Amino acid sequence: MHGHRVPGGPGPSDPERSAANTPGAAPLACADSDPGALEPGLPVSRGSGTALGGPLDPQFVGPSDASLGAPPSSRVLPCGPSPQHHRALRFSYHLEGSQPRPGLHQGNRILVKSLSLDPGQSLEPHPEGPQRLRSDPGPPTEIPGPRPSPLKRAPGPKPQVPPKPSYLQMPRVLPPPEPIPPPPSRPLPADPRVAKGLVPRAEASTSSAAVSSLIEKFEREPVIVASDRPAPGPCPVPPEPAMLPQPPPQPTGSQLPEGEASRCLFLLAPGPRDGEKVPNRDSGIDSISSPSNSEETCFVSDDGPPIHSLCPGPPALASMPVALADPHRPGSQEVDSDLEEEEEEEEEEKEREIPVPPMERQESVELTVQQKVFHIANELLQTEKAYVSRLHLLDQVFCARLLEEARNRSSFPADVVHGIFSNICSIYCFHQQFLLPELEKRMEEWDRYPRIGDILQKLAPFLKMYGEYVKNFDRAVELVNTWTERSTQFKVIIHEVQKEEACGNLTLQHHMLEPVQRIPRYELLLKDYLLKLPHGSPDSKDAQKSLELIATAAEHSNAAIRKMERMHKLLKVYELLGGEEDIVSPTKELIKEGHILKLSAKNGTTQDRYLILFNDRLLYCVPRLRLLGQKFSVRARIDVDGMELKESSNLNMPRTFLVSGKQRSLELQARTEEEKKDWVQAINSTLLKHEQTLETFKLLNSTNRDDEDTPPNSPNVDLGKRAPTPIREKEVTMCMRCQEPFNSITKRRHHCKACGHVVCGKCSEFRARLIYDNNRSNRVCTDCYVALHGAPGSSPACSQHTPQRRRSILEKQASVAAENSVICSFLHYMEKGGKGWHKAWFVVPENEPLVLYIYGAPQDVKAQRSLPLIGFEVGPPEAGERPDRRHVFKITQSHLSWYFSPETEELQRRWMAVLGRAGRGDTFCPGPTLSEDKEMEETPVAASGATAEPPEASQTRDKT
């Protein structure tokens, strides 16, 4: 691989200097302009000879061993004209001798470093052979005979080099050293750049180094090439490092080690001319001639005096100021900037240390309080001016232009404009003619009357007019959006006004919002004004009164907003119901609405329903299967007057509650506990408000009742006047009147609409008009018909219900027995020798604690059988019996055995304790009432009428 030069490469002196500055490299051989002259006396490694592949390099050659004795002074750099325009410099490294040559020693190879430099247009090409480093020994000898042909290289432009620079041909006069400014008041920190700029010296080695190590050295060393001033005569080659005289110590205090001058790059700058400013070394600003960080390309000046010199001159260099040209210097700017910041901080500290006279401090505090009050009053005035300009824009620009268009061309109705701007004209007149002039006059007379409370107190009541505007705001914004899409002319006028400078690039809706925000702004400013007023100010009383009036106006606006929101909610509900109910009324308020589950009165299944609670009524709605329009249909309307709320605690039906009203009773179930809590709280608060309203107007329930129509022996005066709570059909196994067991074919179940009991068809043959159902005729049982209308004279069914009939000992209603019981719950039971388990409702009454009653359902009026408990022993089943249910225990007496299986282990423990004490004949003492939640599968539901059950019917007493 042959060494080649890039077109426009530099003269031979440039690579020579680069090689001289490389650690461990020997100086380059530099010949005169004569191409055939070899420089004697240069040290080389073993062997001598000429370069292969062409004639000897006219400027850089590998000298023979015989030339080592020549004195160093005989080495002269070539001279020639110097170009002044240089652009960029690139290095390339090539290996020669890559092909085997016969008869030559193949152990050593030549590393060629070619240097290219862009010359000016006036330079002529100068062919030149490959350059060889002085540290490379070169070929041993030249063998006579035919030479091997050189390697072919890629076609390209012919390598050219410029002639030698003039400063290398004649000696140059070094400029005097530049003056150094005096040192700062305090010592400077150590310059971190000195340590990094110095490269440790390495002795020249006669042994050949590896090619890779040489390449790494050249790549690490930045070479800076710059034009210099032309100087006549040749430039002598610098002597060996050991022969250089030691430079005197520099004023900055940094000492260069011995022999390091030839290995460092120096930045030489001419001294200051007349009238020029001496450069400041502490400025921290790098020179424009600082070397580039790139290792292959360095930019130099196009014209003017040279800035850099690569030739570390002879002893004259020691007397010049030097600077290390390390491109990776640590932040010198940061060091200098830190010094400047510290000086500024010292000056600020000195200023703070200046004491302030105490009288001046006291006066400044007093002025600050007065200024704060004045600034708040002035802020009120300035914001009022800006606000009046916005009102002028709304009333005199937007509204006026739209009204003109509506009246002249009828592009849109004028009522639309009035609906949008409402009473903005009155608001504008109030602020523009009254409030703003008063504030301006007062601020002009602030020195004599420093107060604004009296003005606001006088005019604050008129701020209530904002309530109408605020209430209409949502509708106004909706009208603007609607007619902007519907009417082109409406849209054009709005956009034209919005483009004006007075509009401030804001939309009409933004300006319409400002009156809504103005009253809260008055309130905030006045509160701040009161806080800043000094104690005992004469304006405190008026300002406090003004704040109360403004707060009243704000509350008036808030009330208008709430009223408007309520009306919107009513309209939405009205649309949900398809206009079926007349609910849009100023006195009606929507409290709560939402989905909920309703438990069926027949079998207890859940059904999805929708409840809407108002302040005077509860609407019970069912969903409609329609995609558009009406979504719900009203099934029942329950008045709040006479409504009762009962919370249920059934374990199998959690989150349930009972709403009982005059028109209907509903057993409802929420999906979550939080939902149940919200509904119960909303209904209770509605009932409480309704009672307070009745007390306020002194409306008594007794005045609206017709007690004369009710028989005196009626067990319940509300029979027929309010809807009963129906009992579920599966909670009853027999007719609650005749006690006949039900049958799905011959004995079907029916509900009495007056009391809610489950009766058979024979016991519900009568019909009566009920007040709660708008006096419509409904099926009622015999007892309710007698209570409402008296006993019929000739009724066949009446003879079957004679009151003189003797009652059985088992005719004890289960719900009444459970109300006053020791323990009761559902149990699975089996007698000894039985074929399977049966489920029944077991009750131990409080008045008969030694008897166990067995019912078919919790609402049966007659027990199926009873079992005396004295003498029974309670215990777990025997090992050989192995029942197929969990939590099994048994009671035994002689040859009689009963097996019981409760649902939970806790319930098993309680039953065993109660039955064990009853079997021993122990008497029970009254104990605390325990909830039936853990053992009851279904809660007995109270029935209104003759057998109405109190709310605590779902609780039992465990006297263990």
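Cβ atoms are placed via backbone N, Cα and C, with glycine included.
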Quiz item: What residue among Thr710, Thr802 has an entry for phosphothreonine in Swiss-Prot?
Solution: Thr710
Exercise. Scan 69-85, 171-187, 919-935 against Swiss-Prot and say which stretch is down as motif 'SH3-binding'.
Key: 171-187
Self-check item: Annotated residue, phosphoserine, per Swiss-Prot; candidates Ser149, Ser714
Solution: Ser714
Quiz prompt | For Cys784 (Zn(2+) 2 binding site), the number of other Cβ atoms found within 10 Å of its own Cβ | solution = 29
Quiz prompt | Neighbouring C-beta atoms (10 Å sphere around the C-beta of Cys752 (Zn(2+) 2 binding site)) | solution = 28
Quiz item: What is the number of other Cβ atoms found within 10 Å of the Cβ of Cys755 (Zn(2+) 2 binding site)?
Solution: 27
Quiz item: Can you check what DSSP calls Cys755 (Zn(2+) 2 binding site), collapsed to helix, strand or coil?
Solution: coil
Quiz prompt | Cβ contacts of Cys781 (Zn(2+) 2 binding site) (under 8 Å, same chain, 6 or more positions away) | solution = Arg737, Cys752, Ala754, Cys755, His757, Val759, Cys763, Ser764, Phe766
Quiz prompt | Helix, strand or coil at Cys781 (Zn(2+) 2 binding site) [DSSP, three-state] | solution = coil
